Each structure stands twice: as C-alpha cells, then as structure tokens.
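Here's what Swiss-Prot has on this protein:
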- 167: active site, charge relay system (ACT_SITE)
- 208: active site, charge relay system (ACT_SITE)
- 384: active site, charge relay system (ACT_SITE)
- 225-376: disulfide bond (DISULFID)
- 317-347: disulfide bond (DISULFID)
- 468-494: disulfide bond (DISULFID)
- 129-453: domain 'Peptidase S8' (DOMAIN)
- 461-597: domain 'P/Homo B' (DOMAIN)
- 375: N-linked glycosylation site (CARBOHYD)
- 514: N-linked glycosylation site (CARBOHYD)
- 524: N-linked glycosylation site (CARBOHYD)
- 1-25: signal peptide (SIGNAL)
C-alpha cells in the first residue's frame with residue numbers, strides 16, 4: 001500500500017498536517033456509507049434529503065456542512081460502486097457532493113488466548129493483576145509495575161474523568177463495569193444507535209473492547225473480577241470496529257465523538273500488522289484528530305492513546321500512521337519480568353510502555369480483566385492490553401490536574417516514565433542530547449502512575465507550540481546496493497521568525513523513496529546534538545517494488561528537548577545480501593516544539609528526577625544565551 005501527502009502541508013486549526021492517500025493493488029471495496037455535502041441548510045435539510053432518498057443521516061461534528069449518509073438497504077461491502085444511489089443524491093439540487101466511502105482493513109491488536117504494599121481489595125483477580133502491583137506473581141519481577149498503589153494512596157482513582165474505548169463495543173451490563181458506564185458519551189457507529197453492545201459470536205471474538213474497558217474502569221471492592229487502573233473513572237463505549245470494512249467517516253466520527261465529555265480515547269487497533277502494510281488515517285480522520293487536539297476538552301485537547309502494534313520484529317510501527325502520529329501517545333508493552341513481548345514492534349515514535357504478556361505459557365502472566373456476559377479473564381494480551389493501562393494512568397493524572405493539555409500529558413509521560421527493570425535484547429538504552437534516557441522499543445520507559453500524579457499536581461502548562469520546515473532535499477539521489485546514501489540538512493530552525501523552534505517535541509522526516517524491495521530499506525536520522533533515530537528498520541515480509549513511500553511522515557520522539565539548530569544527517573541503505581536499487585526523491589525536515597524553555601517554571605520536588613535534570617539544562621542554556629547577548633551588545637557599542 002502507499003501513503004503520502006497529496007497536497008502541500010495544510011494549516012488546520014493551527015496545526016500542520018499531512019493529507020495521506022493510500023493506494024493498493026487490490027480491487028477497492030465500496031460500503032453503504034456516503035459523505036454528503038449540501039449547498040446550504042442545516043441538519044433539518046440533511047434529514048429531509050436523506051429521508052427522501054432512503055438514507056439515514058448523522059452530522060459530522062468536526063466539519064461544517066458535511067454529513068454521514070448510510071443506506072441499510074445496500075450491502076455493507078461490495079466490489080462495485082452503487083452508482084444509482086450516488087447519482088440519485090448528486091441529481092438532487094440541494095446536494096453539492098456525494099462520495100461513496102471505500103472500505104479498508106483495521107485489526108484489533110493482541111487478541112490471543114493465552115504483598116508488600118498495603119492495598120486491600122476484595123476483587124478475586126486483584127492479586128493476579130501483577131501490572132498494578134507486582135509482588136512476583138507468575139515468576140514476575142517484584143516492583144516492575146505501573147506504581148498505581150502510590151497514586152491510589154494519594155487519593156487519585158480517576159474520579160471525574162471519562163475514557164472512550166474505541167473498539168468492538170463493551171458489555172456495559174457487566175456488573176464490574178455498569179456502575180462506571182457513561183451512557184451519554186457512548187455510541188455505536190457500526191449500527192448507528194446509542195447502544196454499543198458487542199455483537200454475539202460463538203467464539204466471543206467481540207470481547208476485545210470489554211476487556212480493554214475493564215483494565216481502565218473496573219470497579220473496586222465489589223467481589224467481581226479485578227480492579228481498573230482508574231477504578232473510579234467513567235468508561236464510554238464507542239463501537240466502530242465490528243463491520244466488514246472500516247471507512248474514513250466511521251473512524252473520523254469515532255475519534256471526534258463527544259470531545260467535551262470524553263477526556264481520553266483509547267485505541268487498541270490499527271492497520272494490519274502483517275509486516276508489509278503501510279497505512280494510516282485518511283483525510284477526514286486527520287481533520288478530526290487535528291480538531292480533537294485543538295478543540296477537545298474545552299480547548300485543552302483530546303488525549304489519544306494508541307497501541308503501537310503487534311507485528312513483532314517483522315514490522316515497524318513507523319509504517320502505522322496512527323501510532324506514529326504526533327497527536328497520539330503510542331504505547332508498547334513489556335511482560336512481567338521486564339522483557340519484550342514477542343509481538344512488540346519497535347519504532348522511534350513510541351513514547352512509553354506499559355504491560356502485557358507474550359512469552360510465558362503461565363496463564364497468570366496475562367492481563368486479568370472483565371470479559372463478555374459478566375465473565376472474567378486472565379488472558380487479555382498484546383499491545384491491545386497495554387494502551388488501556390496507559391489510558392488509566394492518564395486518567396489518574398487528569399484527576400490530579402484537570403487543566404492538563406494533550407501536550408502536557410506527553411511531556412509528563414517523557415519526564416516520569418522509567419527504565420525500571422525493562423530489558424531489550426536488541427536495542428540498547430541511550431541518552432539523547434539533553435540527557436533523557438530512551439529505548440527504540442520501550443520509548444522513555446514504563447509509565448509510573450505515582451510519579452505522574454505528583455508531577456501533574458504542580459504542573460504549569462507548557463509554552464505555545466510552533467512548526468518549522470527545517471529544510472528539504474528535492475533532487476533525486478540513488479541509494480547504493482552496498483554502503484549508504486548519506487545526506488545532510490543544515491537548519492536554523494526558523495530562528496528570527498515567528499515560528500522559531502528552539503526546544504523540540506516531535507520531528508518528522510517526510511520521505512519519498514522507491515526501492516527494488518521496500519522491506520530491505522533501513523533509514524536513520526541523526527540530530528545536531530548527536531541523537532540517532534531509527535526511522536525505518538528492515539521488514540522482511542515487505543516485497544513491494546513499485547509503490548515505496550510517497551511523502552510518508554516518519555516521526556521520532558527521541559530528540560525531545562533538544563536544540564534543532566545545526567546539521568541533520570539522513571542515512572539510507574539496504575539490509576541483506578541481494579543486489580538492490582533505490583532512489584530517494586524527497587526528504588523534508590519538519591520540526592515541532594517550543595520557543596521558550598518548557599520546564600523552566602515547573603516546580604521540582606525530586607532533585608534526582610528527569611525534570612530536575614532538564615530544568616538545570618534549560619537554566620544553563622538561558623544563562624549562556626544571556627551572556628552571549630550581553631557580549632554582542634558590548635561589542636556593538638564599541
């Protein structure tokens with residue numbers, strides 16, 4: 001498949017984003033969903049038009065004048081366009097545009113079968129929830145957990161926070177979920193009704209969302225199943241996965257559903273993790289995400305949590321446009337002894353990790369949570385289980401400080417996540433140019449709920465975010481079969497302009513490249529401060545030789561806090577012994593961050609923390625720059 005930007009970088013609600021389009025050699029699939037724009041009139045007019053032509057209708061909350069029409073008399077998926085219905089709408093003088101939605105695959109992630117702290121819970125599975133409090137259960141490593149006990153003891157349990165589970169529905173009648181279910185914030189986009197109950201199957205395949213919901217919001221001390229990470233939070237069901245094919249309208253509607261009621265959206269799904277797919281959000285979904293981080297939660301921004309992917313060493317989550325988005329917090333997983341799970345994908349866009357299973361046959365090494373029809377399970381797994389745990393931790397932080405923005409949450413994640421006893425046999429732990437420790441698979445470490453709520457209490461909103469095109473290489477360059485193509489870009493990060501970026505958050509390398517075998521490409525980028533990010537690692541199952549990457553935005557978080565000014569280096573080469581050919585057609589450097597120091601005004605309570613180290617670095621840099629300005633002033637006067 002192909003993803004890329006079909007237009008220039010667009011300004012949308014104050015953000016730059018890339019409009020991706022995707023092409024496939026397979027025949028397209030057409031659904032019974034239509035995107036309709038009217039010449040004028042509001043929802044009443046849209047309902048009238050829809051009714052006259054046999055459609056149901058929903059207004060799209062993130063786009064003025066656009067409507068979601070659906071026709072229950074049409075097949076949900078077929079190979080031919082419904083030209084009759086499309087033309088019927090287009091002939092109506094009130095209709096400006098009607099576009100039948102194509103379907104595409106989205107897969108659930110990780111659906112597999114497989115007491116030192118004085119926290120007393122009577123829930124029968126609580127002692128098996130090692131990811132909450134790890135005392136060595138199932139041969140785990142004591143102390144390797146989310147440190148929720150400290151957050152709970154400080155009084156934070158997620159009260160006043162709502163998490164939306166975007167999935168195959170949730171069993172909202174489950175006795176461990178019913179008291180925390182937020183019906184007002186829930187919706188079924190698969191059936192277009194307000195009841196997101198899972199569709200029954202003999203194999204209980206649609207238990208995925210219910211399991212995720214229990215990890216976040218299962219009630220405490222009710223003698224049922226286990227305990228949610230944020231057990232006093234509310235959970236909303238957004239049923240959107242259970243149809244033959246996904247559409248842009250359904251994704252966009254789900255991501256933008258009730259953004260003033262839902263604080264955190266948890267997604268344990270994405271493009272197929274087969275090691276050869278390159279895919280991401282379409283135009284409406286990108287628009288909805290941009291709208292969410294700008295306008296959600298009263299302007300503080302919706303918080304999107306994404307499972308990084310289950311393709312293992314055969315895949316790279318930078319080929320997933322959801323997990324690698326700047327607007328999402330991408331979460332990987334570790335097992336209960338700190339090792340990587342066999343299905344873990346690695347990439348430079350992953351921000352942090354939580355826990356799941358993935359190596360051990362012991363059933364108690366899985367994630368204990370709620371299951372369909374009032375049941376419980378010990379067998380939830382994959383990064384599907386990791387993302388809801390993170391959503392629960394973020395709910396605890398929001399209870400500590402409801403004023404946190406979507407970017408504040410990312411900064412808190414970077415600063416409070418810990419290496420703990422995580423172990424990656426492939427990628428070493430390294431420090432970036434400002435001393436922040438990271439790993440290519442685990443990101444900045446495992447979430448620490450206690451540390452996060454304590455820092456969140458005192459947190460001051462980070463400075464305004466700016467975006468700078470740091471430079472671009474547009475001349476085609478051949479990639480040698482052996483050795484590497486090495487290119488450099490020297491940038492001032494827009495210094496002296498309104499959009500100057502001094503302290504980095506996210507960096508994107510927008511790349512167009514073709515190769516005789518896409519899966520053998522390896523791409524690294526090194527910052528001016530010497531931090532190397534692996535933008536793309538080998539994907540042995542990817543045999544593409546025609547499509548390549550078309551303006552694909554590879555993203556890294558590994559240069560967080562660094563100074564973007566200076567020379568950036570891009571290296572492209574092939575892994576493997578077979579002769580190869582390739583051409584790099586474009587490399588554009590996109591810098592995102594702040595002009596002023598983000599941590600200089602923060603309260604430091606732990607002088608051994610990453611915050612203390614980062615603040616010290618900022619103060620020294622501010623002093624150096626002040627001295628330099630004074631010297632220049634003196635020299636100019638003389």
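Each Cβ is built from the backbone N, Cα and C atoms, and glycine gets one as well.
A map of Swiss-Prot features onto the structure.
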| residue | record | DSSP (3 states) |
| --- | --- | --- |
| 167 | active site, charge relay system | strand |
| 208 | active site, charge relay system | helix |
| 317 | disulfide bond | helix |
| 347 | disulfide bond | coil |
| 375 | N-linked glycosylation site | coil |
| 384 | active site, charge relay system | helix |
| 468 | disulfide bond | strand |
| 494 | disulfide bond | coil |
| 514 | N-linked glycosylation site | strand |
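For the domain 'P/Homo B' (461-597), the DSSP counts in helix, strand and coil order read 3 helix, 74 strand, 60 coil. Ranking the recorded positions 375, 384, 524 by how many other Cβ atoms lie within 10 angstroms of each Cβ puts 375 at the bottom. Per-residue confidence over the domain 'P/Homo B' (461-597) averages out at a pLDDT of 98. Counting Cβ atoms from all protein chains shown, residue 468 (disulfide bond) has 22 others lying within 10 Å of its own Cβ. Under the DSSP three-state reduction, residue 225 (disulfide bond) is assigned to coil, being neither helix nor strand. For residue 347 (disulfide bond), the nearest of the recorded positions by C-alpha distance turns out to be 514; the candidates were 225, 375, 376, 494, 514. Looking at residue 167 (active site, charge relay system) and residue 208 (active site, charge relay system), their Cα atoms lie 7 Å from each other.
The distance from the Cα of residue 317 (disulfide bond) to the Cα of residue 494 (disulfide bond) comes to 30 Å. Counting neighbouring Cβ atoms within 10 Å of each of the disulfide-bonded residues (225, 494), the lowest count belongs to 494.
Take the Cα of residue 375 (N-linked glycosylation site) and measure to each of the recorded positions 208, 225, 468, 514: the nearest one is 225.
Distance noted between the C-alpha atoms of residue 468 (disulfide bond) and residue 208 (active site, charge relay system) is 40 Å. Here the candidates are the recorded positions 376, 384, 524, and by Cα distance the one nearest residue 514 (N-linked glycosylation site) turns out to be 524.
If you compare Cα positions, residue 376 (disulfide bond) sits closest to 208 out of the recorded positions 208, 384, 494.
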